[in-house]
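As recorded in TrEMBL:
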- 64-125: domain 'Peroxin/Ferlin' (DOMAIN)
- 137-170: domain 'Peroxin/Ferlin' (DOMAIN)
- 820-881: domain 'Peroxin/Ferlin' (DOMAIN)
- 892-925: domain 'Peroxin/Ferlin' (DOMAIN)
- 428-485: region 'Disordered' (REGION)
- 1145-1169: region 'Disordered' (REGION)
Amino acid sequence: MPSSALWAVDLFGRVHTLSTAGQYWELCRDTQLEFRRVSAATQCCWGIACDNQVYVYVCSSDVPIRRREEAYENQRWNPVSGFCDTLLLSDRCPWSDVSGLQHRPLDGVALPSPHWEWESDWYVDENFGGEPTEKGGWTYAIDFPATYTRDKKWNSCVRRRKWIRYRRYKSRDSWAKIPSKEDPKQLPDPFNDLSVGGWEVTEEPVGHLSVWAVSLQGKVWYREDVSHPNPEGSSWSLVDAPEEVAQISCGPYDLLWATLWEGQALVREGINRNNPKGSSWSIVEPPTSENGIMHVSVGVGVVWAVTKDRKVWFRRGVNSHNPCGTSWVEMVGEMLMVNVGLNDQVWGIGCEDRAMYFRQGVTPSELSGKTWKAIVAGRECDQSHCGSSSSLLSAGCFFGDEVRSSGDSAPSDTDASLEVEKPGPALPLLAESLDNPRNPKGSSAAGPGTGRTAEGAMGNACPAQGRGEAAQASGPDKCPGPASTPAELPWTNIDLKEPRKAPSHSAAGIPETTGLSSLGLLPLGLEEHCGVDDQPLWAWVSGGGCAVEACSVLKWFTVQPGLSPSVQTLSLSITPAQTAAWRKQIFQQLTERTKRELENFRHYEQAVEQSVWVKTGALQWWCDWKPHKWVDVRVALEQFTGHDGARDSILFIYYVVHEEKKYIHVFLNEVTVLVPGLNEAKHSFALYTPERTRQRWPVHLAATTEQDLNDWLALLSLSCCESRKVHGRPSPQAIWSITCKGDIFVSEPSPDLEAHEHLLPCDQMFWRQMGGHLRLVEANSRGVVWGIGYDNTAWVYTGGYGGGCFQGLASSTSNIYTQSDVKCVYIYENQRWNPVTGYTSRGLPTDRYMWSDATGLQECTKAGTKPPSLQWTWVSDWSVDFSVPGGTDQEGWQYASDFPASYHGYKTMKDFVRRRCWARKCKLVTTGPWLEVAPITLGDVSIIPEMPDSSRSGHSIALWAVSDKGDVLCRLGVSELNPAGSSWLHIGTDQPFASVSIGACYQVWAVARDGSAFYRGSVSPSQPAGDCWYHIPPPPKQRLKQVSVGQTSVYALDENGNLWYRQGITPSYPQGSSWEHVSNNVRRVSVGPLDQVWVIADKVQGSHSLSRGTVCHRTGVQPREPQGQGWDYGIGGGWDHISVRASATRAPWSASQEEEPSAPQEAHGPVCC
């Protein structure tokens, strides 16, 4: 899980952030501004400063925020001067927008605020519908408005061309003031509260945000047009409310609650994609009539509230269909405010100690959580104080208290942890007993309102006194100083009311403590002082951008425990170089001792154990005969060890047919792959051999439970690897592939795979499964492997193996991490029109199911549709998907003349049927050798293919990618030691892209979303970004969707499954000349460093069955015939992706090839650029 940030404001108005991967609060850069409240999202944070102005903080990213401005130049033809800007009175303006209704001259387009800057000057867009226009970029039509074409005809009386200019948002990692262009009469008073949410309402990649605000007069305001490309929005609009509003909270989806001054709550209803401001209000009564609601916070499906008596309440029964909920439940603890963040996690600020608390135990099944736990993370300056203290101790070895007192340095984290664990009686505790009625009841951990020990008081009252002396003190007289009593402290601008305290009893063993700093007794002028014992006093917290999973391990609650200060200080003085030398010395001594001990036993023969091991169990088998069905069978795995020490195994399957016992057996050294099945109701897997691969009929087995399936898969996979002597991590030149289920497989390439003679059939390749879950994977022969999940999250290979169901000997003990993935399941609602009732769910007898999949052949209802397999769990409800190709109307419907046909997003007189797509998210959590590369999500990735003996081994590895928004990126700093790289370099484009590929000679090709191809010029190790894009028209009447570049070959795949080869590519003309059709029925293509071509075929007919998604190898590929001659069918079906870009294993040359003197040297391999 990547790190995200928790935002908070202290009593002095300073904004801090706390990373989920860190344990220190970091102060925001703009320290001149003081804030009252903040509301965070994933990539930004909105706030109200003490000057009553609204600010937005946009986090930095390697991908810039760019906004394209467009203007159209319009001309009409006349017989005298031809095309000119002299138009008719009824025509549009010479310079206009795309509709022609708004006058838009180039010099009249201004920047919306000072936070933007122009990226370039105006230029003409010469791309029209994926194909280049004639010089000048003009498109022609009969009249305004009409259908434009890029070809001039005899009746073309008007023409226009599009001018483009990009502006870039420059105020990142800083607070940017929101410009106020509104009439002051409409905004009579400043804002009192604001809330950010709604990014999950529209399901669009533009990053829409809903920003709500409340003014001091109790009016509700909404910020229009806030999105990722426009982080400031455009204007404020007033939303009518029945009464005066005091505070407001907006969730990620459609929940919006507000509090009234009278103590009631308002709930906004009718919020959806087409109406993000909602339609009406509903009133919810407070939990008790005596104390109204003071503060409210909402999440995805939860509502938390704080009443005026500081009690915390949880609202039951809240969801999208019932945003008001059903009833209130009182929670333990007393809070000033609470905030619900991502994944419905909850934070709060204690009402007495002003400490920050985190609600533990919040899960999808238990949204209210279990207990409050204080966040004891220090501030960023504490780390520097701690470091200086440790270095002093290191320098003086063990000077102890003498060094500390003479330097008057702040205590270290170690000392703080020791005092937290062992609070001493150095100062009298102003405490009450546990019978205090304000103490939380029924909580196993110390909650808000409880006091702290004297740790903080010692840190403030006796800063110069050593820890040893403080620990030995027996009473208040042992700690002299003017700060011994609260009455002697200077006055400050903070409320000096003494809070009630109680001893802390934490179930986790970490008591929540409070010192004098929590009383607000900091002297004037010392607010900036940072000490380990000084916990900040908080005024506001926002977790809208903080992603905490239920299983996450946070460092917020502990300091470094275990070792004594002297031992920890000593460990800090040992450098990594000394540690490495020490480890090397120990290893050498152990090696020498082993040699001495084994020297006397060399004349003995090696002992070989000959044994037989058997595992049996009960499974189900998909029988080979008709009618095919699942039958109960007994299976036995017999593993034996031969005289030579080699292990082999046989799997027996015993079944009964017609009351006769029979069996089939499979030698595991013949098994080529074990594949978990994609079955909604069965824990199944498939077992392939070369013969059954050719038949397209594997052995299907199913277990009763998921644990049994994992046990059998791990055992059989380990036995297959032992039979073939394949162990450890894959080689750098391995071939990677992914099934349609997301399972990852690797195969070690044989030199005979690419041999011109005695070609090894690819159905004999052995594939073994790796842990993890991905949608696509790309590899490099130097061991760098990247993958992308279904949720577009980027992952990098760590070098381990196993994970998931593979544990013990089948998995490495390190480099295995938790991995999650999210995907959407889609179903379609179909309707037909009749003259009486209009569109209805009653169709003709020949129609498709009224609830079906995309093809209409299978019935799929909301209630009957399950996740893809039993490993997935639902994480959302069904919602209309508005992002389907072809567009939709406001309700998500697509119209057509009949089923099936071409769908469009508007209704015409000839449309008698319609459909709309429903989507639901599900989530899978597993483990594997993968680490997430944050924070940019990707749609495609490509790594340069290299030869093992390449001279570029010292250079960084070129890696290009396309983000899910269509931005082209180049990763910098990628190497064998740092496969994740360091940062992204954004490559400017005029339109969103879909696919990218880099060849062995740094030739970069890409495919735009409009189906056209592009070539990036002048890419080299010294110029990794190149200089410009060259537009390449696609094949006639085709739209490309993927491109793959090898050593010299360029292959592309269109949306209809046709595979194309780019002809005429030479070093002097790398764009090539034309496209040549190679094959159809292709789903994915991968071209390797030897120009070898592998694809995923859509349909392959076997002797027994038809398989979809089959690995295929192009045969006969030679330098003089790069298109190849035929196909060799391998493993399948159910495969979705393959990458051979790391496979650079050359085949040995035969004697006949070596005896040809006339053959040029470059004919033996791919021609280098």
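Note: Cβ is positioned from N, Cα and C throughout, glycine not excepted.
Assigned with DSSP, the residues of the domain 'Peroxin/Ferlin' (64-125) fall into helix, strand and coil as follows: 3 helix, 24 strand, 35 coil. Within its own chain, the domain 'Peroxin/Ferlin' (137-170) has Cβ neighbours under 8 Å at 58, 64-77, 83, 91-92, 99-100, 106, 109, 111, 115-126, 128-129, 131, 231, 988, 990, counting only residues six or more beyond its boundaries. Each residue of the domain 'Peroxin/Ferlin' (892-925) gets a DSSP state, and the totals for helix, strand and coil are 0 helix, 18 strand, 16 coil.
Averaged across the domain 'Peroxin/Ferlin' (64-125), pLDDT for the predicted model comes to 92. Applying DSSP to the domain 'Peroxin/Ferlin' (820-881) sorts its residues as follows: 0 helix, 26 strand, 36 coil. With helix defined as DSSP H, G or I and strand as E or B, the domain 'Peroxin/Ferlin' (137-170) counts 0 helix, 16 strand, 18 coil.
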